[in-house]
Structures are given as structure tokens and as C-alpha cells.
Amino acid sequence: GLTVITAVLFITGEMTGSGVLALPKAVKDAGWVGLFLIFMCAGISSFTGTVLGRCWTLLRDNKPELKGHCSDPYPTIGYNTFGRPGKIIVNISVYFTLYGVCVVLLLIASGNIQSLLAQVNADISLCYWVMIIGVLAPFCWLKSPKDFWPIALGATVTTAIACVLIFIQAIMDIKVAHNRTVEYRETHPDGFESFFLAFGMILFCFGGMAAFPTIQADMREPERFPKAVIVAMGSILCMYIPVGAIGFSVYGDLVADNIFDSLSQGPMKTIATILITMHLVFAYVIIQNPLSQVFEMPLNLPDEFGWKRVLVRTSITLVVIFTAESCPRFGHILALVGGSAVTLNTFVFPSIFFWRLTRLHGKEWDNAGFRTPVLREHHSCVLHGWKKMPKRVIPFHVTIITIGVIGGISATYSAIRGITDPAAFVPPCYVN
């Protein structure tokens, strides 16, 4: 099983990468308040991640049938709180998130490879690279996260080094490439739509909550998962804030959807592009795994490697490739997924599920052993129900849910407007 350290690597590895590349554009759309949104989303994700982890620990400790391997822990939490409707809603939200993330990772990796080869006059369309990267399929045949922890290590290390190189190249561009300063008008959002489009992008950058229960279910000590969440979020902030701030402060209105398209050519950019592309490949393998497991469950596939697993997981890869070919502009997909499903997974479900579990089973379940300071004051809640929760905690949960609902609806609306805008329309690869 996974240790706390390897769980941190998986969380960091699956959440960073595409987020790092999109954050400067998100900060540009929201203005400097975008940096506050990054901190806010990181803090909320840390809290709700620990709450969600506690939900799974409570279920696992009190339901013997869940102590073995579980292919769909998040929907299982939904089922044990709101029955079959809860499981269906969570399934739709979680797997729409994972599916959307896979599409975005594939598009960004393909675009990076295209720009790298363009430097040596090898002009191969992004549309072809989307199909070529389909060779990742064999890596997706591995059973579960505990079988490929080195991939998580590679995803985290490559992103960390790439962030340092991006930061250095942007500093060099202040004097060499642009010699400009960000004007006052650029530090304020253009309006409602621009701000919430940025909010959706930032939410997407913290969209790994859908895979959290899968990672926790593979840990040796699942009750220590909240500690892994807090450490991982701190590590992610150390990457997100410097890149988001320097990217916007140097390039202003000129910053592209992908920060690499704004950096000046040079060895720093080339190495960083290679590293981030490696990360995207690693992250794709991590993210597709829980998506694959949920499709395998109804088929009752054996735990052993076999042709049925190969067929199912290769088919999923082909569907992701087709979607990427159909909508090759990743920015709006990113905002749509972030504003809709990610909002539910990160802001809404954890608090509601925790409350529901305490209402249903609070008096009968023993809650000894809260190891995480963030959740220790929930002790009376688990034993006696929501009414016994400390008063200062209830407004926090309600605020998180409110922000999630309002921000999610607004971000989803803005993303759909952007996708359907004729001026921004990009034809599918098989049409153009």
C-alpha cells in the first residue's frame, strides 16, 4: 500500500502540470485578485480533502466489506450517504471530471510536442500528435495507483523543476524580451464573464479531489490521508503562486492560455517544455486509472491482468483521443470542467457527505483516534450529529458550499459562452 509520502506524490503529481500552465492566464482574466483565489481554493481544498478522507475512514472502519480493495470509493461514499441517487450523481460528477482532465492533459502534451518540434522545422499538426500520444495506452493497463508509484514521483519532480525554469525564464524576459510593465487596467477583470472564467480555470487546477478516495483506498494507513492532503496542498501552492504571479506581471495582456507560448525561445523554455510534457504523460496515466476502474466494475473483471482489461482501457483512451480531436482548444474545456464537476467534488460533496454520515450513524459509530488537527474539533459532530458540531465550524461548511454553488454556476455559464462564441470557435481536427 501507499505511505503518506507516496500519497503526497500522487496528489501533487495529478493536480499540477496543466494547472501551472494555465494559471498566468487565469490571473490575467481575474486581475491580481486571482492570486487570492488561488490561496482560497488551496485552503478550501485542504479542508474538504481532509473531510472527504475522514468520510472514507469512518466508512472503512465501520463497514467490514470496505476494508479490501475498492474500485469506486467516492461513489461508495455517495451511496452510503444518499443511497443509489447519491452514487449516480457522484459517478457523473467524478468521472466527468476525470474524463475532462484526461482530454486537457492530452491536448496540452500534444501542443507542447508540436511547439518543440517546430523549433527544428518539423511542422506536424497538434491533431496528429493527439493520436500519436495514444501509445500511452499500455501504461494505463496497470491495475491501481500502488502499482505505479514511480510515475507519481516522476510527475511531481518534473513539474517542480519545470516551475523553477519557467520562473527564471520569465525573469529573464523582463529585460530581454518585453521590457514592459503591467498597466493598471490589466490588473482588474474585464467583467463578470472574464472573472468567472478565471475562477473556473483556478478551480480546475485543484480538481484532483475526484481521485482522492482512490489514492486513500490504496494507503497502508488510510486514516493518515488528511496529513497527506495538507502537505500536498502546501507543495502545490509553492508551484502555483510564483508561476501565476510572475507570468502575469511580466506578460500582462499578452499572456497566452499556455504560459509556454508567452516565454521567449531558449534552453530554459525547451527544457521546461520537455519536463512538463513528461509530467502530463505521467499525470494522464494516474488520472485515467480511477476512470478505468469504474467501467471495469460492471463487467466483473478479474484482478489479474488480462485481455478484457486491455480492451476496456484502450477503448477509454480512444474515446479521449476522439474528444480531444473534436475540441482542440483546451482553455474552455478546462474552465467548463472546473466550473461544473470540480466545484461539486471539491466544494459541495465533502461537507454534505460528512454531515449526512454523522446524522445517519453518529451515535452508533465510535470516533476514537482523530489524528488530524484540522478535523479534531469535528469529534462531537461525529458522535452526536450536526447539531453538536462547534458553532464556528458550521458557517465554514455553509460558506464553502455557497461559494461552490454560486461560483460553479457562474463559471460554467461563462465557459459555455466561451465555447459557443463564434469568434473563438476552433473546428474539429477531422473537419479542418
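Every residue gets a Cβ built from N, Cα and C, even glycine.
Copied from TrEMBL, the annotated features are:
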DOMAIN    3-366  domain 'Amino acid transporter transmembrane'
TRANSMEM  32-53  transmembrane segment
TRANSMEM  88-110  transmembrane segment
TRANSMEM  122-141  transmembrane segment
TRANSMEM  148-172  transmembrane segment
TRANSMEM  192-216  transmembrane segment
TRANSMEM  228-251  transmembrane segment
TRANSMEM  271-287  transmembrane segment
TRANSMEM  330-355  transmembrane segment
TRANSMEM  393-416  transmembrane segment
Tally Cβ pairs under 8 Å between the transmembrane segment (192-216) and each listed stretch (32-53, 88-110, 148-172, 271-287, 330-355), then give the stretch with the top tally.
330-355
Would you confirm whether the transmembrane segment (32-53) and the transmembrane segment (330-355) meet the contact rule of 3 or more C-beta pairs below 8 angstroms, pairs 6 or more apart in sequence?
yes
Other parts of the chain folded back onto the transmembrane segment (148-172), taken as Cβ under 8 Å at six or more residues beyond its ends:
2, 6, 9-10, 12-14, 16-17, 20, 139, 142, 235, 239, 242-243, 246-247, 250-251, 259-260, 263-264, 266, 268-269, 271-273, 275-276, 278-279, 282-283, 285-286
